[in-house]
Amino acid sequence: MQAGSPRLSGTDMTLAYDRRTIAEGLSVAVPDRSFTVVIGPNACGKSTLLRALSRMLKPAAGAVLLDGEDIHRRPARQVARTLGLLPQSSIAPDGISVAELVARGRYPHQGLLRQWSREDERVVEESMAATGVADLADRAVDELSGGQRQRVWIAMALAQQTPLLLLDEPTTYLDIAHQIEILDLCARLHEEQGRTLVAVLHDLNHAARYATHLIAMRDGRVVAAGEPGQVVTADLVAEVFGLPCRVIEDPESGTPLVVPAARRRAGRLAPEPA
Amino acid sequence: MTVLRTPGGLSLRFRPRALLVGVACALLAAGLGVLAVAGGDYPMSPADVLRTLTGGGTPAETFIIHELRLPRLVTALLVGAALGLAGAVFQALVRNPLGSPDLLGFTQGASTGALVVVVLGGSSLALSGAAVASGLATGLLVYALTWRNGVHGYRLVLVGIGVTAILTGVNGYLLTRAPLMDAARAVLWLTGSLDGRGWSEALPLLGVLGVLAPLVLLGCGPALRMLEMGDDTAAALGVPVRGLRLVLLGAAVLLVAFAAAAAGPVSFVALTAPHLARRLTRSPGPNLLPAMCVGATLLVGADLLAQRAFAEQQLPAGAVTGAIGGAYLVWLLAMERRAGRL
């Protein structure tokens with residue numbers, strides 16, 4: 001492996017479902033130990049990109065390299081020990097408990113004669129502690145709130161112990177408080193455990209605040225990639241989303257804050273003074 | 001969950017309750033088996049049965065036990081086990097509690113081949129062979145119609161229902177073409193019966209189950225449990241989803257086809273056994289081994305009931321499983337409705 005080349009990258013990929021081409025000649029690199037966030041309008045191919053990077057979708061042309069090797073030539077189980085994915089929708093089996101679900105994350109490390117080692121037990125406990133669901137261990141997953149459930153799924157992905165973790169819209173369907181809770185959790189995992197995270201997010205301001213590396217996509221192309229402070233500009237938002245806006249500094253974090261242009265100024269909506 | 005660990009780094013995990021269900025089913029099946037082997041037109045005491053089994057019986061007793069009653073019991077056990085296992089696999093594959101070979105067309109497929117042999121006239125060996133062949137052909141047909149970047153649960157159900165409808169029509173046509181005597185024989189076969197089943201029916205199924213049960217239970221069981229959480233989640237955990245689906249579909253179709261060849265299309269065991277197993281073990285997951293044990297026990301019990309319930313007349317076992325299974329299905333739907341899931 002060349003020094004300096006990232007662990008996960010895709011080169012010159014053509015991504016297609018059946019005959020519908022989503023992207024052509026797409027190349028991306030995920031910087032090691034980054035919290036990379038992919039943004040872009042609906043149907044721009046960001047989830048498809050994540051599927052390709054996680055071995056779910058085989059590129060029609062080009063390749064995804066994981067540690068310098070074509071990810072599709074490596075056995076699924078071996079890849080699953082290096083790279084984890086939290087898909088957009090997962091089904092919790094009826095009546096399964098939190099601890100049992102998180103324990104399923106150990107699957108790629110287990111075998112017929114090694115079904116539940118002390119290591120498995122320790123990692124599951126750590127994963128539940130890291131995501132704050134240890135107190136819920138014996139509860140049934142179907143009884144939990146949306147935010148709790150998402151933390152349980154993240155705990156399962158953590159139990160897989162992969163240095164790279166991909167998350168497909170981890171905050172969708174959550175209210176604002178739970179969105180921030182999940183993103184704070186991701187940031188902590190990135191900073192404290194040194195994992196490389198790649199997430200698809202819808203909210204530009206969340207992306208700008210939490211990402212260390214941003215990839216902006218439109219129509220299956222990468223329009224810009226880099227640090228959020230440099231990438232997120234009014235011009236870029238106009239180009240990628242077709243949205244006129246102003247970019248100001250986030251008073252909390254100092255990162256770029258996108259404020260969409262108002263159709264009418266607030267003053268005009270106020271009742272006329274008598 | 002209980003864990004056994006050895007100093008060498010081996011670790012085995014199991015649910016005590018699931019193990020208990022398995023053992024209880026085995027004991028129950030054994031008890032029912034003794035009743036089945038001891039009773040009948042020529043009643044014997046359990047002691048006589050034991051003596052005959054160990055080689056000390058009179059020639060008549062030896063014939064009755066070894067050639068008549070024991071093969072029938074073994075066939076019932078094997079057919080029940082095969083259907084229970086196949087049903088659990090289908091339900092997990094299509095992620096639908098109604099996913100069973102009866103509803104996906106495989107049972108009807110096996111029947112079509114058997115009916116063709118009945119119409120054309122053929123030996124019972126030809127009938128069994130035709131049932132296996134046409135069951136597998138139906139499996140291939142459904143697979144080919146369903147395949148689109150892998151076989152997905154929802155499409156499998158829809159295609160299966162369509163194929164079931166077509167084959168039911170074909171089977172009805174074949175029945176009308178058969179001479180009256182043959183049609184009567186065909187209808188009995190279609191109900192599923194263990195009457196007069198001998199070693200020639202039991203042994204092929206034993207061979208198939210001997211190969212496929214370990215493959216499915218040990219080779220695919222853990223991966224199938226991951227598949228419950230969705231294809232993407234399973235794939236992310238390192239499950240080769242497409243290959244797994246193909247192997248499991250093939251194995252389950254084979255089990256159903258050979259079970260049908262041995263006893264005819266016994267209805268509802270494949271549907272009922274996994275549900276009962278899940279209720280008894282109270283654990284999530286496909287519950288493959290418990291479903292297999294429950295299936296075997298169910299069919300042995302149903303056959304015993306079919307033989308003894310009405311003193312004068314023997315029923316085909318399929319009539320009993322159909323009646324019990326139908327009642328169970330209605331009860332299940334009512335329960336699901338109450339729980340707000342349907």
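Cβ atoms here come from the backbone N, Cα and C positions, even for glycine.
TrEMBL labels come from automatic prediction, so no person has curated them.
The annotation transmembrane segment is assigned in TrEMBL to B:18-38 (among others).
Taken from TrEMBL, the feature transmembrane segment applies to B:73-94 (among others).
Feature annotation from TrEMBL assigns transmembrane segment to B:114-144 (among others). Through the fold, the transmembrane segment (B:114-144) approaches residues 104-108, 151, 156, 159-160, 163, 167, 171, 174-175, 177-178, 182-183, 185-186, 189-190, 200-201, 204, 246, 249-250, 253-254, 256-258, 260-262, 264 of its own chain, all at least 6 residues removed from its boundaries and within a Cβ separation under 8 Å.
Under the heading transmembrane segment, TrEMBL lists B:156-175 (among others). Sequence-distant neighbours of the transmembrane segment (B:156-175) (same chain, 6+ residues past either end, Cβ-Cβ under 8 Å): 93-94, 96, 98-99, 103-106, 108-109, 111-112, 115-116, 118-119, 138, 141-142, 145-146, 183, 186-187, 190.
Per TrEMBL, the feature transmembrane segment maps to B:202-225 (among others).
Per TrEMBL, transmembrane segment is recorded for B:246-268 (among others). Nonlocal intrachain contacts for the transmembrane segment (B:246-268), taken as residues 6+ away from its ends with a CB within less than 8 angstroms of a stretch CB, comprise 75-76, 78-79, 82-83, 85-86, 89-90, 93, 100-102, 106-111, 114, 127-129, 131-132, 134-136, 138-139, 143, 151, 188-194, 197, 201-202, 204-205, 208-209, 212, 215-216, 219-220, 224, 299, 316-318, 321-322, 324-326, 328-329.
For the transmembrane segment (B:288-306), same-chain residues at least 6 beyond its ends with a Cβ under 8 Å from one of its own Cβ atoms are 18, 21-22, 25-26, 28-29, 32-33, 35-36, 72-73, 76-85, 87-89, 193-194, 213, 216-217, 221, 224, 266, 269-270, 272-274, 276-278, 280-281, 314-317, 319-321, 324. Residues or ranges marked as transmembrane segment in TrEMBL: B:288-306 (among others).
According to TrEMBL, the transmembrane segment annotation covers B:315-334 (among others).
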